[in-house]
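Report on the following structure.
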Amino acid sequence: MPRVRCACSGPGVHALGQVCSVPQHRQIAFALWQAQALRSLRAVPAAPPGPGRGGPSRRPGMLSSGGRAGAGPGASGARGRCHTGGGSRRCGPMGSRAAGGGQPPDDGVSEAVGETSRRLTREQLFTIIAAASINFSSMICYSILGPFFPSEAEKKGASNTIVGLIFGCFALFNFLTSLILGNYLSEIGAKFMFVAGMFVSGCVTILFGMLDRVPSGPMFISFCFLVRAMDAISFAAAITASFSILAKAFPTNIATVLGSLEIFSGLGLVLGPPLGGFLYQSFGYEVPFITLGCVVLALVPVNMCILPKYDSTPRKESFWKLILLPKVLILCLIIFSLSGCLGFMDPTMSLFILKKFKLPAGYVGLVFLGLAVSYSVSSPLLGLLSDKLPYIRKWLLIFGNLITAVCLFMLGPAPVLHIESQLWMFVLVLVLIGFSLGMSAIPVFPEILQCAYENGFEEGLSLLGLVSGLFNAMWSLGAFVGPILGGFLNEELGFEWAAAIQGGWPLLSGIATGIFYIIEATRKSSSSSLQNPPGDNEERTRLMDNET
């Protein structure tokens, strides 16, 4: 196999198709390998197709000794970005472009692979259908309670505080179980966890519709907490498995897929309250839950048939090693702050709209559409942008958080601004919040994956389970804290000041993200200048000429 000598000082000798284990040598090794590959392409004439083609006429970088595409260092083949550590070579699914490298393809093979990957395979299409079904069903079952459950619970002897805790326990149990289930995803199996979670959720949703037959008082309240907790656990299992399967099926464009699927999440949130209210008024308390539960159960055998089964490997990754990475901590803060801001609006915004704008109760849901529609429409576009131009993810994260903070400051608006609140301005701010939430939320998942690969984590369902479990857990924690803190601030200070104070979370996360990326860029610049002093340019040029 041809060998290329590293231009750095030190014994860096690299075999073609491998990356040096010394970090300082990787960049130059790739440049030398790419130059040699281009020279070989110019030197070898095109061979006619047929069984006789092979041997010396095969283009470098096309196949490695294992028969996989894109074997050269930094090659942007189908398997993505390669990392080294501990003497072993590991490839992550983010790809050279998704990792922010931006290297051009070494030859036409990578372009052909990229062209083929744009066309969905049968497995990918079925995976999207299954994930869309769980996104839609989970959100519609979550939001259906809003219009009528509080009044029914009051008839059964539950106070407003107890009703709020019943709503909040969903997010709390979702947070706790997401971490555990994500940690053991590879042992349980992604497909089994997905299908089992969906089956239990359908049964529990039907069971929730039977609670009106339970005697009033402590027994009713206890059963509400129990059933709601079981619902949270089941959906945590299905959503965690769904994220992992999507990341496995779409390794190079996960942000685009997640953004597109947010359309179904938004659709579930939008349709849940009006559908639940209509079924409740027309048929009573039981019918909304029984109807949705049966729909979820009907989707279980469908997903059992169409959802691909991915091989599981034993768990090797450490949860604490992942979450203690500085970049991952910053990204977790972003998830928590965004979810907390959304959760703050649930118990407070409808009351403010009714009191401030004197709108009929039926029109309050239409005001909420401004946020839901803008988020659902912008998410696929922002996901596509995040995958095509991965280097702008940091700017999406920073400015998305800062815009969210400014919008929450203007939502009331804050009394310090002395601006009279008007309905058109309120709806406009909600539209901007929906867009800014998409800017911040969509790039987080691929950023955590990229950070994990850069720090030596191995590709596989084990890591994907950790990342998806962490993402869902942080989102659920924000959904639990946001309504509690928002309700307290709204009661003590009013909605205007409560919204402004709640905007401090995305402001803090935006500033922290900006500071982190500035420090990271400074370190990379200093490291690059130390690795590539000006005097080494002549030596690198001379060594490359000698290879010719």
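Using N, Cα and C of the backbone, Cβ positions are placed for all residues, glycine too.
Residues or ranges marked as region 'Disordered' in TrEMBL: 44-114, 526-548. Residues or ranges marked as compositional bias 'Low complexity' in TrEMBL: 57-66. The compositional bias 'Gly residues' feature in TrEMBL is assigned to 67-89. Residues annotated as transmembrane segment in TrEMBL: 125-145, 165-185, 192-211, 217-247, 254-275, 287-307, 319-345, 365-384, 396-417, 423-449, 461-485, 497-519. Under the heading domain 'Major facilitator superfamily (MFS) profile', TrEMBL lists 127-522. Annotation source TrEMBL lists compositional bias 'Basic and acidic residues' at 537-548.
Taking pairs at least six residues apart, the transmembrane segment (396-417) and the transmembrane segment (287-307) share fewer than three Cβ pairs below 8 Å and do not count as touching. Mean pLDDT across the domain 'Major facilitator superfamily (MFS) profile' (127-522) comes to 86 in this model. Sequence-distant contacts of the transmembrane segment (319-345) (same chain, at least 6 residues past either end, Cβ-Cβ under 8 Å): 171, 179, 182-183, 371, 397, 401, 404, 408, 433, 437, 440-441, 444, 447-448, 451-452, 455, 457, 466-467, 470-471, 474-483, 485-486, 498-499, 502-503, 505-506, 508-509, 512-513, 516, 520. Proximity of the transmembrane segment (365-384) to the transmembrane segment (217-247) is not established, fewer than 3 Cβ-Cβ distances being under 8 Å for residue pairs spaced 6 or more apart. Using a cut-off of 8 Å between Cβ atoms, the transmembrane segment (192-211) and the transmembrane segment (125-145) share at least three residue pairs, counting only pairs 6 or more apart in sequence. For the transmembrane segment (423-449), the partner stretch with the most Cβ pairs below 8 Å, chosen from 165-185, 254-275, 461-485, is 254-275. Between the transmembrane segment (461-485) and the stretches 165-185, 217-247, 254-275, 497-519, it is 165-185 that has the most C-beta pairs under 8 angstroms. Below 8 angstroms of C-beta separation, residues 326-327, 330, 333-334, 336-338, 340-341, 344, 348, 394, 397-402, 404-409, 411-412, 414-416, 440, 482, 485-486, 489-490 of the same chain, each at least six residues beyond the ends of the transmembrane segment (497-519), sit close to that stretch. Tertiary proximity for the transmembrane segment (254-275) is limited to same-chain residues at least six positions away from its ends with a CB under 8 Å from its CB atoms, namely 128, 131-132, 135-144, 146-147, 243, 246-247, 288, 365, 368-369, 372-373, 375-377, 379-384, 386-387, 438, 442-443, 445-446, 449.
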